[in-house]
Amino acid sequence: MHELGITQNIVAIVSEAANGRKVRRVTLEIGELSGVMADAVAFCFDVVAQGTVLEGAELDIRSIRGRARCSDCGAEFDMTALYTPCACGSRHLERLQGEELNIKTMELEEAA
Amino acid sequence: MALNLVSSPGAGKTTLLERTIKDMKDALPLFVLEGDQATANDGLRIRAAGAPAVQVNTGTGCHLEADMVARGLDQLSPTPDSVVMIENVGNLVCPAMFDLGEHAKVAILSVTEGDDKPLKYPHMFRAADLVLINKIDLLPHVDFDVAAAVRHALDVNPRVNALTVSARTGEGLGDWYAWLKTRRLAAGSRAGARNDPGSGDAIAEGGRS
(Lines of atoms letter the chains of each structure in order from A and count residues from 1; the text may use other names and numbers.)
(Lines give C-alpha, C1' and ligand atoms only; values in the text may rest on other atoms or scores of the structure.)
Protein backbone atom coordinates (compact mmCIF):
# COMPACT_ATOMS: atom_id res chain seq x y z
CA MET A 1 0.00 0.00 0.00
CA HIS A 2 2.87 2.41 0.69
CA GLU A 3 4.19 2.00 -2.87
CA LEU A 4 1.56 4.48 -4.09
CA GLY A 5 2.99 7.22 -1.85
CA ILE A 6 6.55 6.27 -2.79
CA THR A 7 5.69 6.38 -6.49
CA GLN A 8 4.07 9.79 -6.06
CA ASN A 9 7.29 11.02 -4.47
CA ILE A 10 9.41 9.51 -7.26
CA VAL A 11 7.26 11.23 -9.90
CA ALA A 12 7.45 14.53 -7.98
CA ILE A 13 11.26 14.33 -7.69
CA VAL A 14 11.75 13.48 -11.36
CA SER A 15 9.26 16.16 -12.46
CA GLU A 16 11.11 18.77 -10.47
CA ALA A 17 14.47 17.74 -11.89
CA ALA A 18 13.07 17.62 -15.45
CA ASN A 19 12.17 21.28 -15.08
CA GLY A 20 9.32 21.24 -17.60
CA ARG A 21 10.92 18.92 -20.16
CA LYS A 22 9.19 15.69 -21.11
CA VAL A 23 10.62 12.53 -19.54
CA ARG A 24 11.18 9.52 -21.79
CA ARG A 25 12.54 6.98 -19.35
CA VAL A 26 13.24 6.65 -15.60
CA THR A 27 15.57 4.03 -14.14
CA LEU A 28 15.10 2.99 -10.51
CA GLU A 29 17.23 0.74 -8.33
CA ILE A 30 15.23 -1.16 -5.73
CA GLY A 31 16.96 -3.40 -3.21
CA GLU A 32 15.40 -6.78 -2.52
CA LEU A 33 15.52 -6.08 1.22
CA SER A 34 14.21 -2.51 0.97
CA GLY A 35 10.62 -3.55 1.63
CA VAL A 36 9.53 -1.76 -1.53
CA MET A 37 7.76 -4.03 -4.02
CA ALA A 38 8.99 -3.32 -7.53
CA ASP A 39 5.82 -4.74 -9.09
CA ALA A 40 3.65 -2.45 -7.01
CA VAL A 41 5.72 0.61 -7.98
CA ALA A 42 5.39 -0.36 -11.64
CA PHE A 43 1.65 -0.84 -11.18
CA CYS A 44 1.23 2.64 -9.66
CA PHE A 45 3.63 4.45 -11.98
CA ASP A 46 1.44 4.84 -15.09
CA VAL A 47 -1.48 6.15 -13.08
CA VAL A 48 0.59 8.57 -11.01
CA ALA A 49 2.46 9.82 -14.09
CA GLN A 50 -0.75 10.87 -15.85
CA GLY A 51 -0.94 14.59 -16.40
CA THR A 52 2.75 15.10 -15.52
CA VAL A 53 5.87 15.40 -17.69
CA LEU A 54 6.36 11.67 -16.99
CA GLU A 55 3.16 10.62 -18.74
CA GLY A 56 3.97 7.78 -21.13
CA ALA A 57 7.55 7.45 -19.83
CA GLU A 58 9.14 4.01 -19.71
CA LEU A 59 9.97 2.71 -16.25
CA ASP A 60 13.07 0.57 -15.89
CA ILE A 61 13.43 -1.06 -12.47
CA ARG A 62 16.70 -2.79 -11.57
CA SER A 63 16.68 -5.12 -8.64
CA ILE A 64 19.63 -5.24 -6.23
CA ARG A 65 20.09 -8.43 -4.27
CA GLY A 66 20.91 -8.41 -0.58
CA ARG A 67 24.59 -8.85 0.39
CA ALA A 68 26.16 -8.76 3.83
CA ARG A 69 29.57 -9.16 5.45
CA CYS A 70 29.83 -11.01 8.74
CA SER A 71 31.41 -8.86 11.45
CA ASP A 72 32.67 -11.97 13.26
CA CYS A 73 34.17 -14.21 10.54
CA GLY A 74 34.42 -11.78 7.63
CA ALA A 75 32.51 -13.93 5.14
CA GLU A 76 30.40 -12.20 2.49
CA PHE A 77 27.14 -13.79 1.46
CA ASP A 78 23.74 -13.23 -0.19
CA MET A 79 20.90 -12.29 2.13
CA THR A 80 17.48 -13.45 1.06
CA ALA A 81 15.74 -12.12 4.17
CA LEU A 82 16.44 -9.26 6.56
CA TYR A 83 17.58 -11.61 9.29
CA THR A 84 19.50 -14.27 7.37
CA PRO A 85 22.36 -15.20 9.74
CA CYS A 86 25.90 -15.92 8.54
CA ALA A 87 26.82 -19.59 7.98
CA CYS A 88 29.01 -19.29 11.12
CA GLY A 89 25.85 -18.50 13.13
CA SER A 90 26.59 -14.83 13.75
CA ARG A 91 23.91 -12.20 13.32
CA HIS A 92 26.32 -9.29 13.61
CA LEU A 93 26.35 -8.27 9.98
CA GLU A 94 27.34 -5.31 7.94
CA ARG A 95 24.79 -4.89 5.18
CA LEU A 96 26.56 -4.14 1.93
CA GLN A 97 23.62 -3.75 -0.45
CA GLY A 98 19.98 -4.62 -0.97
CA GLU A 99 18.21 -1.81 0.91
CA GLU A 100 18.39 0.80 -1.85
CA LEU A 101 15.65 2.89 -3.33
CA ASN A 102 17.40 5.09 -5.86
CA ILE A 103 16.30 7.15 -8.80
CA LYS A 104 19.32 6.23 -10.88
CA THR A 105 18.81 8.00 -14.20
CA MET A 106 16.24 9.87 -16.23
CA GLU A 107 16.11 10.45 -19.98
CA LEU A 108 14.58 13.65 -21.25
CA GLU A 109 13.36 14.64 -24.69
CA GLU A 110 15.58 17.18 -26.35
CA ALA A 111 14.59 20.76 -25.75
CA ALA A 112 12.65 22.14 -28.69
CA MET B 1 14.18 15.43 20.36
CA ALA B 2 11.56 13.61 18.32
CA LEU B 3 10.54 9.97 18.72
CA ASN B 4 8.46 7.90 16.32
CA LEU B 5 6.19 5.48 18.21
CA VAL B 6 5.13 2.49 16.16
CA SER B 7 3.11 -0.64 16.88
CA SER B 8 0.17 -2.67 15.68
CA PRO B 9 -3.27 -1.22 16.52
CA GLY B 10 -4.15 -1.64 20.18
CA ALA B 11 -0.65 -2.27 21.56
CA GLY B 12 -1.04 0.66 23.96
CA LYS B 13 0.75 3.61 22.35
CA THR B 14 -1.75 6.20 23.50
CA THR B 15 -2.06 4.74 27.00
CA LEU B 16 1.73 4.74 27.29
CA LEU B 17 1.81 8.38 26.24
CA GLU B 18 -0.95 9.35 28.67
CA ARG B 19 0.92 7.73 31.54
CA THR B 20 4.26 9.19 30.45
CA ILE B 21 2.77 12.69 30.29
CA LYS B 22 1.22 12.35 33.76
CA ASP B 23 4.42 10.98 35.33
CA MET B 24 6.93 13.17 33.51
CA LYS B 25 5.30 16.50 32.78
CA ASP B 26 7.40 18.31 35.39
CA ALA B 27 10.65 16.72 34.23
CA LEU B 28 10.19 16.69 30.43
CA PRO B 29 8.20 19.09 28.23
CA LEU B 30 6.24 16.70 26.00
CA PHE B 31 4.41 17.51 22.77
CA VAL B 32 2.44 14.92 20.82
CA LEU B 33 1.57 14.44 17.17
CA GLU B 34 -1.22 11.89 16.91
CA GLY B 35 -1.52 9.95 13.69
CA ASP B 36 -4.68 7.98 12.93
CA GLN B 37 -6.69 7.27 9.81
CA ALA B 38 -9.72 8.95 11.34
CA THR B 39 -11.16 10.56 14.51
CA ALA B 40 -9.64 13.08 16.93
CA ASN B 41 -10.10 10.69 19.87
CA ASP B 42 -6.43 10.15 20.67
CA GLY B 43 -5.57 13.84 20.42
CA LEU B 44 -8.32 14.54 22.95
CA ARG B 45 -6.97 11.85 25.29
CA ILE B 46 -3.47 13.33 25.14
CA ARG B 47 -4.69 16.87 25.82
CA ALA B 48 -6.76 15.55 28.73
CA ALA B 49 -3.58 13.97 30.11
CA GLY B 50 -1.96 17.41 30.06
CA ALA B 51 0.19 17.76 26.93
CA PRO B 52 -0.29 19.85 23.79
CA ALA B 53 -1.35 17.57 20.92
CA VAL B 54 -2.14 17.93 17.23
CA GLN B 55 -4.15 15.23 15.50
CA VAL B 56 -3.09 14.26 11.99
CA ASN B 57 -5.64 12.17 10.11
CA THR B 58 -4.17 10.25 7.20
CA GLY B 59 -7.53 9.42 5.57
CA THR B 60 -6.82 6.35 3.45
CA GLY B 61 -3.10 6.47 4.27
CA CYS B 62 -1.59 3.67 6.35
CA HIS B 63 1.34 5.66 7.79
CA LEU B 64 2.56 9.18 8.49
CA GLU B 65 4.87 10.84 5.99
CA ALA B 66 7.39 13.59 6.65
CA ASP B 67 5.33 16.36 5.02
CA MET B 68 2.33 15.51 7.24
CA VAL B 69 4.60 15.74 10.28
CA ALA B 70 6.02 19.07 9.06
CA ARG B 71 2.51 20.52 8.80
CA GLY B 72 1.58 19.10 12.20
CA LEU B 73 4.72 20.57 13.78
CA ASP B 74 3.84 24.03 12.45
CA GLN B 75 0.59 23.78 14.38
CA LEU B 76 2.10 22.15 17.45
CA SER B 77 5.00 24.66 17.84
CA PRO B 78 7.06 22.61 20.30
CA THR B 79 9.56 24.48 22.46
CA PRO B 80 13.25 24.01 21.56
CA ASP B 81 14.23 21.71 24.44
CA SER B 82 11.10 19.58 24.37
CA VAL B 83 10.38 15.99 23.39
CA VAL B 84 8.01 15.48 20.46
CA MET B 85 6.29 12.12 20.45
CA ILE B 86 4.98 11.17 17.03
CA GLU B 87 2.37 8.47 17.48
CA ASN B 88 2.26 6.74 14.14
CA VAL B 89 -0.72 4.94 12.62
CA GLY B 90 -1.12 1.49 14.20
CA ASN B 91 0.57 -0.65 11.57
CA LEU B 92 3.74 -2.75 11.70
CA VAL B 93 4.43 -2.60 7.96
CA CYS B 94 4.53 0.80 6.24
CA PRO B 95 5.63 3.08 9.10
CA ALA B 96 8.95 1.19 9.20
CA MET B 97 9.96 2.69 5.89
CA PHE B 98 9.14 6.35 6.27
CA ASP B 99 11.68 8.57 7.97
CA LEU B 100 9.83 11.34 9.81
CA GLY B 101 12.98 13.11 10.94
CA GLU B 102 12.89 11.38 14.32
CA HIS B 103 15.91 10.63 16.48
CA ALA B 104 14.69 7.10 17.21
CA LYS B 105 11.85 4.70 16.55
CA VAL B 106 10.25 3.05 19.56
CA ALA B 107 8.33 -0.15 18.75
CA ILE B 108 5.66 -1.20 21.21
CA LEU B 109 4.74 -4.88 21.33
CA SER B 110 2.01 -5.98 23.73
CA VAL B 111 1.86 -9.40 25.35
CA THR B 112 -1.61 -10.03 23.91
CA GLU B 113 0.12 -10.34 20.53
CA GLY B 114 2.39 -13.17 19.40
CA ASP B 115 5.96 -13.25 20.71
CA ASP B 116 7.11 -13.97 17.13
CA LYS B 117 5.97 -10.53 15.85
CA PRO B 118 9.60 -9.36 15.37
CA LEU B 119 10.17 -12.24 12.94
CA LYS B 120 6.90 -11.62 11.12
CA TYR B 121 7.52 -7.88 10.73
CA PRO B 122 11.32 -7.72 10.53
CA HIS B 123 11.51 -4.33 8.80
CA MET B 124 9.82 -2.64 11.73
CA PHE B 125 11.89 -4.29 14.43
CA ARG B 126 15.07 -3.73 12.48
CA ALA B 127 14.27 -0.01 12.22
CA ALA B 128 13.53 0.29 15.96
CA ASP B 129 16.02 1.58 18.52
CA LEU B 130 13.94 0.43 21.46
CA VAL B 131 11.28 -2.23 21.91
CA LEU B 132 8.81 -1.75 24.75
CA ILE B 133 7.03 -4.98 25.66
CA ASN B 134 3.80 -3.59 27.08
CA LYS B 135 0.86 -4.91 29.12
CA ILE B 136 3.07 -7.18 31.24
CA ASP B 137 0.36 -7.05 33.94
CA LEU B 138 -1.52 -9.48 31.65
CA LEU B 139 1.32 -12.04 31.48
CA PRO B 140 -0.36 -14.49 33.90
CA HIS B 141 -3.32 -14.74 31.50
CA VAL B 142 -1.57 -15.16 28.14
CA ASP B 143 0.98 -17.51 26.55
CA PHE B 144 3.43 -14.74 25.60
CA ASP B 145 7.09 -15.70 26.19
CA VAL B 146 9.02 -12.49 27.01
CA ALA B 147 12.45 -14.11 26.61
CA ALA B 148 11.46 -15.47 23.19
CA ALA B 149 10.14 -12.08 22.08
CA VAL B 150 13.41 -10.39 23.10
CA ARG B 151 15.41 -13.14 21.36
CA HIS B 152 13.39 -12.69 18.16
CA ALA B 153 13.86 -8.92 18.30
CA LEU B 154 17.62 -9.43 18.68
CA ASP B 155 17.60 -11.90 15.78
CA VAL B 156 16.44 -9.19 13.39
CA ASN B 157 18.24 -6.32 15.15
CA PRO B 158 21.25 -7.28 17.32
CA ARG B 159 21.61 -3.67 18.55
CA VAL B 160 18.04 -3.16 19.77
CA ASN B 161 17.22 -2.53 23.44
CA ALA B 162 14.14 -4.06 25.01
CA LEU B 163 12.24 -3.07 28.15
CA THR B 164 9.20 -4.67 29.76
CA VAL B 165 6.51 -2.29 30.97
CA SER B 166 2.88 -1.94 31.88
CA ALA B 167 1.49 1.45 30.95
CA ARG B 168 -1.57 0.56 33.02
CA THR B 169 0.08 -0.33 36.34
CA GLY B 170 3.30 1.64 35.84
CA GLU B 171 5.53 -1.40 36.26
CA GLY B 172 8.88 -0.98 34.50
CA LEU B 173 8.18 2.59 33.40
CA GLY B 174 11.16 3.92 35.37
CA ASP B 175 13.48 2.30 32.82
CA TRP B 176 11.53 3.89 29.96
CA TYR B 177 11.78 7.31 31.59
CA ALA B 178 15.51 6.83 32.17
CA TRP B 179 15.93 5.92 28.49
CA LEU B 180 13.98 9.05 27.49
CA LYS B 181 16.14 11.31 29.63
CA THR B 182 19.38 9.76 28.36
CA ARG B 183 18.34 10.08 24.72
CA ARG B 184 17.15 13.63 25.22
CA LEU B 185 20.49 14.62 26.72
CA ALA B 186 22.32 13.03 23.79
CA ALA B 187 20.03 14.75 21.26
CA GLY B 188 20.41 18.06 23.12
CA SER B 189 24.20 17.94 23.09
CA ARG B 190 24.19 17.26 19.33
CA ALA B 191 21.79 20.15 18.74
CA GLY B 192 23.96 22.33 20.97
CA ALA B 193 27.05 21.53 18.92
CA ARG B 194 25.17 22.47 15.74
CA ASN B 195 23.98 25.76 17.14
CA ASP B 196 27.31 26.79 18.61
CA PRO B 197 28.31 29.88 16.59
CA GLY B 198 32.00 29.19 17.32
CA SER B 199 32.08 25.93 15.36
CA GLY B 200 31.35 26.67 11.73
CA ASP B 201 32.20 23.13 10.65
CA ALA B 202 29.59 21.67 12.93
CA ILE B 203 26.90 23.88 11.38
CA ALA B 204 27.82 22.78 7.87
CA GLU B 205 27.91 19.16 9.03
CA GLY B 206 24.44 19.49 10.54
CA GLY B 207 23.07 21.05 7.40
CA ARG B 208 24.13 18.11 5.30
CA SER B 209 23.08 15.29 7.58
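Each Cβ is built from the backbone N, Cα and C atoms, and glycine gets one as well.
Curation does not apply to TrEMBL; its annotations are automatic.
Keep in mind that this is a model prediction, so the values were computed, not measured.
Annotation comment: TrEMBL describes A:H2 as Ni(2+) binding site. In the three-state DSSP reading, A:H2 (Ni(2+) binding site) counts as helix. Counting every protein chain shown, the Cβ of A:H2 (Ni(2+) binding site) has 21 other Cβ atoms within 10 Å.
Among the features that TrEMBL reports, Zn(2+) binding site is placed at A:C70, A:C73, A:C86, A:C88. Taken residue by residue with DSSP, A:C86 (Zn(2+) binding site) is part of neither helix nor strand, so it is coil. Within 10 Å of the Cβ of A:C86 (Zn(2+) binding site) there are 20 other Cβ atoms, across all protein chains.
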Would you identify which of the binding-site residues A:C70, A:C73, A:C88 has the most other C-beta atoms lying within 10 angstroms of its C-beta? A:C70
What Cα-Cα separation, expressed in whole Å, is found between A:C70 (Zn(2+) binding site) and A:H2 (Ni(2+) binding site)? 31
Go through the binding-site residues A:H2, A:C70, A:C73, A:C86, A:C88 for me and flag any whose C-beta is under 8 angstroms from a C-beta on chain B. A:H2
Can you tell me which of the binding-site residues A:C73, A:C86, A:C88 is spatially closest to A:H2 (Ni(2+) binding site)? Compare CA atoms only. A:C86
May I have the list of same-chain residues other than A:C70, A:C73, A:C86, A:C88 whose Cβ is within 8 Å of the Cβ centroid of the recorded Zn(2+) site, in sequence order? A:S71, A:D72, A:G74, A:A75, A:A87, A:G89, A:S90
